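Chemist: Input: one structure, supplied below.
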Amino acid sequence: MCESVSDDEQTGEGSETTTEAGSETTNDHDERPLDNGSTSDDGGEIPADENEATSSLESDERESWATVNEELRFRSSAAGFGTLEDGDETETDRGTVETESDDDRETAEIPAISDREAAETDSDADVSAVDLTESRYYLNRELSELAFQRRVLHEAIDDTNPLLERVKFLAILTTNMDEFVRKRIGGLKQQIAAGITEETPDGRTPAEQWEAALEEARPLFDRQSRCYRDEIRPALSDAGIQVVDYDDLSKAEQAQLRTQFESSILPTLTPLTFDPAHPFPFISNQSLSLAVLTREHPDAEVTFSRVKIPRNQRRFIQIGDETRYVLLEDIVRSNLELLFPDVELVETALFRVTRNAEVRRDEDVAEDLIELIEEVLEERRFGTVVRLEIERDAPDAIRDVLTRELDLDDREVFELDGPLDYRDFIELTALDRPALQVPEWTPQPHPRLGAHEDGTNIFDSVRERDVLVHHPYHAFEGTVQRFLETAANDPDVLAIKATIYRTASDSQIIESLIEAARNGKQVAVMVELKARFDEKNNLEWAKKLEEEGIHVAYGTVGYKTHTKTSLVVRREDDGVRLYSHVGTGNYHSETAKHYEDLGLLTADRDIGQDLVRLFNYFTGHSMHREYRKLLIAPGNMRERFTDLIRAEAERARAGENARIVAKMNRLEDPEIVRELYRASMAGVEIDLIVRDICRLRPGLEDVSETITVHSIVGRFLEHSRIFYFRAGGDERYYIGSADWMARNLDSRVEAITPIEAPPLQARLEDILETLLSDTENRWMMHSDGRYERCAQMSDSSLDAHQTFMQAASEPNQE
């Protein structure tokens, strides 16, 4: 049966509840790898002015990984797709769904449409009589993002997950929320300062969104703290992994740690004092700090100092050979007299600041894009502080100094009872404790390509018929990476072209491109310098590639290049042949182990020619709007998707069986939402699998009654984009890099490819239906934005991730 978890239960407001996660870090938005191998998504464009900042913030992506209210309390049916009203119990063909009552709801909820309002819209579902631009038909982007983060937190709260997996999700949530605060909260604060009052589709101004987002985030942080303090820390202790306080150690153990402090920690610390002779110290973004109040004698003035807890040392300091640990900041605080000799230590408090990551620049007038990106990186270091996290029992004197000097509103201060930064808790997941972890998964060779050492010629296999790869179930190294490695060393390959959005720090993809150039092949690489938080890495890769004589393009003015494409030009007996890869994920070997993604390897000449045109745009100037098979943004993609949705609506009006299934990370574009509403009003069955942000409200009477919205959160970060249209029986399948977001359709260069081979279409159908039947990782959305989690059924449970792993392990399972 399904377990209902109200938002209140998850964060701890009202009743107790919980909510999502994944394993990548959130984050392309494309997903950016977290410190722990998780990820988050990337940021938006670099806006030129205040108006552009509005659209930039509205279209920003955070592809991450990984989201809740307070103890688990949801009970829902395995996969009920029917429309649910609050407080009702509904029978579906898949089980009974039990929803929460009004009293269980989150305090700051999206307003529901009343029965009277729904009736007024149009009982006959006459599209022309319904104004689909009204704000009541849309959910707020920021609050939808926070709902996702509650689902991530639920993975930490859920005691059916292995203990160290729960610890991992604590770390993921912190990374995700850090990025949310930096990008979304920071961007909203920037808009407020610029005097922007433009409303979002759901009718909120930047000021209203900023206030609502801070209010919704507060109970989420509180629940995370309680989860660690009251649940995970005691469970770790019971499992023989003790995180102890310094004061609870024996004198001998304290002496041992004091010696270690003096030898390896103390030399790295630098106290920075704030007094008439010293300005308030600069506090770097997301650094954990210790505020210290001292005085020379009881009648002297109190002096404020800041001590930064070093990030280049392990956070968990082991005591002897035991699995007992003391947090680094606890050791520093307990030995401060060595850092501040001959003065009285009055008060201390741990704190952490988060700075705005939104930096506005006008690309159109920039003479040098590299110089502009370097300026953005430098300015981001000094961004406005947008959040202060501080210990709940911190002295007022310290809190007052920090809020005053950092120019913070009280609403931007988060007082927490527990550790302030859980990112480093990922250290614990490296312990050799298999019983406390999910079973290790090794991505498998693709059955069509075999193992790398088998000697299978990848070009022969792809020329024979298209290959669909599914990560992390199929090994990245043996598929996509092997495609480029083989091309680099194949004497018949004439040229290689590729796009790089995010890649690993030790990228074999980059090494293969360099090897190809050294072997005399023509190599062209589009390196996107504006990939949020990866700008520095990409700058370094671009310079390295140029040093090897490779032609490097740095992106296109006004657009961020987000495509996951590569092209190999190969001389064969019957002439020159084009081999293409079009994927949903980055050329990143590490995230490919944690992100779920798809890719097509094909020798289709039309797709190859389309990529030739696209790469010519990267290195040239003119953007083609017409392509043979690919859907390209900002060229034909929006128009093609609109046509496909409208065609299903026409078929439904004609009495045909019409259906749309779409899987993506985010559904934000208001125009696409309206098209889906119109299709639903025409009778099209629509199933949406949206990992996090979703503006659309399913189940509204006479508007979206045939639409269901699902979210998959579990072991792997769902990152692929799949689109299915029944098309009167001539079924259409597509995969690619774009979500249905305004930024993806209008402000980025994206590529979507059709999947035409019947066996590969059957595979995509199986993937979608498996996800829609999942009872372990799937959540369902109500029309008011609340989610229900489908929990295990005693007799018929289905875990999509486990199902895909099992299938990949079986021979001949393509």
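Keep in mind that glycine also has a Cβ here, set from the backbone N, Cα and C atoms.
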Chemist: Say TrEMBL lists ASN176, ARG691, HIS719 as binding ATP: which of TYR587, TYR595, TYR617 is in the same site, per that record?
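Modeler: Of TYR587, TYR595, TYR617, TYR595 joins ASN176, ARG691, HIS719 in the ATP site that TrEMBL records.
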Chemist: Comparing the binding-site residues ARG502, ARG691, which residue's C-beta has the most other C-beta atoms within 10 angstroms in this structure?
Modeler: ARG691
Chemist: Say you check the Cα of ARG502 (Mg(2+) binding site) against those of the recorded positions ASN176, HIS562, TYR595, ARG691, HIS719; which is nearest?
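Modeler: Nearest listed residue in space: HIS562.
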Chemist: Can you give the largest Cα to Cα distance in Å, as a whole number, for the residues ASN176, TYR595, ARG691, HIS719 that bind ATP in the record?
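Modeler: Between the most distant Cα atoms of the ATP site, 15 Å.
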Chemist: What's the most sparsely packed of the recorded positions ASN176, HIS562, TYR595, HIS719, counting other C-beta atoms within 10 A?
Modeler: HIS562
Chemist: What is the number of residues in the domain 'Polyphosphate kinase N-terminal' (138-243) that are helix, strand and coil, as DSSP sees it?
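Modeler: For that range the per-state counts are 81 helix, 3 strand, 22 coil.
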